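According to Swiss-Prot, the feature [4Fe-4S] cluster binding site maps to CYS355, CYS415, CYS418.
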Amino acid sequence: MTTPSTSTTPKTLYQKVWDAHVVATPEGEAPIIYVDRHLVHEVTSPQAFSGLKVAGRKLRAPEKTFATMDHNTSTRSASLDALSPMARTQVETLAQNCKDFGVRLYDIHHPNQGIVHVMGPELGITLPGTVIVCGDSHTATHGAFGALAFGIGTSEVEHVLATQTLRQLKAKTMKIEVRGQVTDGVTAKDIVLAIIGKIGMDGGTGYVVEFCGEAIEALSMEGRMTVCNMAIEMGAKAGMVAPDQTTFDYLEGREFAPKGEDWAEAVAAWKALKTDVGAEFDATVVLDAADIAPQLTWGTNPGQVVAIDAPVPNPADEANPTIRASMEKALDYIGLTAGTPMTDVAINKVFIGSCTNSRIEDLRSAAKQAKGRKVASGVTAIVVPGSGQVKAQAEAEGLDKIFIEAGFEWRLPGCSMCLAMNDDRLEAGDRCASTSNRNFEGRQGRGSRTHLVSPAMAAAAAIAGHFVDIRKPY
């Protein structure tokens, strides 16, 4: 856990957490940093554990490693028989590896099982000032708590399991400030899509981003997680938000959060985890929250995004020939014509879920749109809670009944249709309003067409059969 720095040089939040975790700086080599929490799942861990077995190594700190099953699990049944042969092998291998190495596992039958980036925070595994890694690109989610969190590759997973450390080069720093407050109908998802639309999908490359400003401070922890989750979609190494009372209120009493006197001591230390006055960033981006409308992607990367009241962009209006060619290619794949109002774009599939938008606040937002209405004819819509805890809470609030009565399918926790890795996938030609984080070609299935939106926008599209501006009656 990070302790307050005694240095008088103003530092950014990232610099404070980084400095507290550097354990060695070998000459001519990348620094070695300590890892506080290591999250693993069934897809990127098998080879790492296998490498340990071949080398005869044990885990350096098994109590700091937490495992779950999420990417390849079924959202229709908790039975192993519901899995494909490959998926079954992966989850069974993870279970055996966790048993062999003494790792805590939240398997498909555990009430707290879920998407790794949903489950970790709600259990209090994610804490301010910690370094968190996982073999998954959306590990940046945990940065919402003031943690330095980022995805790693399988060889690095093995290295962390064996040493609880990692070689890392220090990143540059970027401040993204969202000033003022958003208007009704605009959510955290719209904020982060607007940011990516402004700086592009590579605008954050080489940086750790700190999100700040009144609009970010006003977000719940669920909203902050949505924003940090998509830091990777702007090319950033990680995204962070300074912890505050909202953070502390969320964490207090959670299973792995400090208790008693340790809690008071932890909060005192966490309050120092903010960028100092006078600290310098390598880059700064500013947005006015009042200018942000509900967003949706029109192309094949998260940076190809527009406001709901805008038309499909025209490549001919783009001066840069490389960007123009990319736009033309995207429109050809996505099957849209420049100038078409986004509200005229019909969909036949809706996915509400993923590590971006499957928390209780997300489901409440979607249910508000669905209540008393019916899914449009020809539309298939599924709602996938991010964890067992989210599912139980949603059911206690009656959200499942709202969705089911409206014609949505209510599923078990898992990564589901975010990626075409399990049985929840799109067919060629399907057009999906999705609350996930990536709209690449084939991401949700070969030939599939994905539009990234907020949970409210996705639910509204399911009802209308096409995209709508949720700020207006429909």
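Including glycine, each Cβ sits where the backbone N, Cα and C put it.
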CYS355 ([4Fe-4S] cluster binding site) - helix vs strand vs coil (DSSP): coil
Neighbours of CYS355, CYS415, CYS418 excl. site residues, C-beta within 8 Å of centre, [4Fe-4S] cluster: ASP70, HIS71, ILE115, HIS117, HIS138, GLY353, SER354, THR356, SER358, GLY414, SER416, LEU419, SER436, ASN437
Three-state secondary structure, CYS418 ([4Fe-4S] cluster binding site) (per DSSP): helix
Cβ atoms near CYS415 ([4Fe-4S] cluster binding site) (within 10 Å, other residues, all chains): 31
For CYS355 ([4Fe-4S] cluster binding site), nearby residues of its own chain (Cβ under 8 Å, 6 or more apart in sequence): ILE115, VAL116, HIS117, VAL118, HIS138, THR141, ASN229, GLY386, CYS415, CYS418, ASN437
Count of other CB atoms lying within 10 Å of the CB belonging to CYS418 ([4Fe-4S] cluster binding site): 29
